[in-house]
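> To start, I am sharing the structure in question, which I have written as structure tokens.
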Amino acid sequence: QIDPKDYTFSGLKDETVGRLPGKVAGQQFIIQDCENCNIYVFDHSATITIDDCVNCRIFLGPIKGSVFFRDCKDCKCIVACQQFRTRDCKKLEVFLCCATQPIIESSTGMKFGCFQYYYPELALQFKDAGLSIFNNTWSNIHDFTPVSGENNWGLLPENAVVQDYVPLPSSEELKAVRISTDATRSIIPVTRGWRQKSSDESCLAVFFAGDYTTANARKLIDEMTGKGFQLVQTKEVLMKAEDARRVFQQCASEFIPLLEKGPVVALEFNGDGAVEGCQSIVNEVFSGTKVFVSESKASASQDVDNFYNFADMQMGM
């Protein structure tokens, strides 16, 4: 028998509360009428609603469906979800991983950054919630009720440090969760999203489904960012033969047979020399693995556009 109290935080003030990994296990969760609280849900859930909360710091583990903030103000949050929505909110600062385009409505003073967080159970929770760590549209916000001449949302500073916003839990029970907020350890690759690119040279790299796809993609990200290139965006999506022909053009035929194994993972890197840098790392580190990498600086931006236009159509963006 499920007791709703186990899945609700309501009417709390000046408290630190949370749920440990395994305690929510895919149920829906409700947070309401809390003031000046630190709230942590270190598990995956079905949906979460957050209503009438003021001046709270909130961490929400992977949410299979939607998270909906209503009538909240002055809250700082770390959230991973399929759908993100706010209504009648003021001044929320959110480190977000969202699989679809985040939507704000009748909300002002909203600020967004890329989700960055790690604890050992988190990767499996993403899987249980059916979320890909590579599908994150955190900066592509849709304002449902724009006001002419005003901007209701913006991006957090690039050097924003997660725990300056949502501190690590101080209660004995929650300290058991082995958290790292170091961006390089984050389960979600930290992307630039819609921030201004530093260079007019980008490069597309695509890994095909197999046992090590995720590990390989992460390895390439580490190698490239270690050399000073920036990760702009990532995507995990199924491709058909005709998609491959559109995206990979002349070399499509060597990749088409690989598409049947499952989704591809695509990475866009940016920086002067990104194409050459990516090619040499792929040749050295992944010599036995088939990887698509842009051929030249001239074709690379077209590769990026071709892939992401196709992927956005797939995801219904």
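Even glycines carry a Cβ here, placed using N, Cα and C.
Just so you know, TrEMBL annotations are computer predictions that nobody has curated.
Quantities reported herein were computed from a predicted structural model and do not represent experimental measurements.
The following feature annotations were taken from TrEMBL:
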DOMAIN    1-146  domain 'C-CAP/cofactor C-like'
BINDING   G65, S66, Q82, Q83, F84, R85  GTP binding site
> Could you tell me the mean pLDDT over the domain 'C-CAP/cofactor C-like' (1-146), as a whole number?
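Reported value for the domain 'C-CAP/cofactor C-like' (1-146) is a mean pLDDT of 97.
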> Looking only at G65, S66, Q82, Q83, F84, R85, the residues listed as binding GTP, what is the longest Cα to Cα distance in Å?
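Output for GTP binders G65, S66, Q82, Q83, F84, R85: max Cα distance 11 Å.
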> Around the C-beta of G65 (GTP binding site), how many further C-beta atoms are within 10 angstroms, looking at every protein chain?
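Step by step: centre on the Cβ of G65 (GTP binding site), count other Cβ atoms within 10 Å, giving 15.
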> Per DSSP, what is the helix/strand/coil residue tally across the domain 'C-CAP/cofactor C-like' (1-146)?
11 helix, 73 strand, 62 coil
> Which residues does Q82 (GTP binding site) neighbour through Cβ under 8 Å, counting only same-chain ones at least six apart?
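In sequence order, the residues whose Cβ lies under 8 Å from that of Q82 (GTP binding site) (at least 6 apart) are I63, K64, G65, S66, C98, A99, T100, A129, G130, L131.
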> Starting from the Cβ of Q83 (GTP binding site), draw a 10 Å sphere and report how many other Cβ atoms land inside it.
17
> Relative to the Cβ of R85 (GTP binding site), which residues of the same chain, six or more apart in sequence, are found under 8 Å away?
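When sequence neighbours closer than 6 are ignored, R85 (GTP binding site) has S66, V67, F68, F69, P102, I103, I104, E105 within Cβ distance under 8 Å.
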> For the binding-site residues S66, F84, which one has the sparsest Cβ surroundings, going by other Cβ atoms within 10 Å?
S66
> Within 8 Å of the centroid of the Cβ atoms of G65, S66, Q82, Q83, F84, R85, which other residues of that chain place their own Cβ, given that this set defines the recorded GTP site?
T47, I63, V67, F68, C81, C98, T100
